[in-house]
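**Q** Starting off with a structure, shown below.
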Amino acid sequence: MKPRPGIPALLAIAAAIVAADWWTKRWATATLAGHPSLGVIGEFMRFTYTRNSGVAFGLGAGLPFPYYVFSIIAAVAIVYLFLRQRVPSPARRIALALILGGALGNLVDRVRFGEVVDFIEIGWGRWHWPVFNVADSAVSIGVVLFAIAWPKREAAGDGGRAAPDGGDAADASDAAPHTSPAP
């Protein structure tokens with residue numbers, strides 16, 4: 001049985017994200033734990049070691065909830081979305097692979113340690129974004145890319161249906177010349 005087109009690439013990208021996330025978290029633990037923040041790009045980007053038992057941005061830290069459940073749900077949802085589309089666009093394939101890789105990267109830490117290692121800190125002046133990691137970056141980039149690549153729907157005419165090739169019905173109809181009745 002031939003694998004569905006795009007699945008090997010989806011798995012390869014997701015595996016690369018998991019590997020990069022694992023390696024960088026291991027590096028951060030060995031290099032940064034117990035040490036002051038390390039400036040990378042002045043005060044704008046610093047490496048600051050922290051452990052996060054909550055979800056994104058430390059929300060829910062310390063609460064007795066198995067947050068790995070979110071990662072499992074996200075991974076299942078990504079596989080479902082990927083398989084649901086006949087031929088996902090390359091941008092959507094990459095977006096789903098990034099989200100899957102990020103979800104799995106954080107899942108590894110949550111299952112093993114009950115928390116994730118975060119170490120990338122971005123800030124400017126008094127404003128600082130919560131500390132994050134490579135998996136979080138992959139999820140964020142994937143969500144933005146997926147939103148950008150979301151099928152456009154024509155306001156009228158196609159009823160919001162997607163084209164059979166997984167693209168957009170509006171895009172498919174744009175290839176045909178448009179004619180209007182004479183007034």
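Glycine residues also receive a Cβ, built from the backbone N, Cα and C atoms like all the rest.
Predicted automatically and left uncurated, TrEMBL annotations should be read as such.
Annotations for this protein, taken from TrEMBL, read as follows:
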ACT_SITE  ASP118  active site
ACT_SITE  ASP136  active site
COMPBIAS  161-176  compositional bias 'Low complexity'
REGION    154-183  region 'Disordered'
TRANSMEM  65-83  transmembrane segment
**Q** 10 Å Cβ neighbour count around ASP136 (active site)?
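**A** A count of 21.
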**Q** In whole Å, how far is ASP118 (active site) from ASP136 (active site) when you measure between their Cα atoms?
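**A** Counting only the Cα atoms, the answer is 9 Å.
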**Q** Among all the protein chains here, how many other CB atoms are within 10 A of the CB of ASP118 (active site)?
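**A** There are 24 of them.
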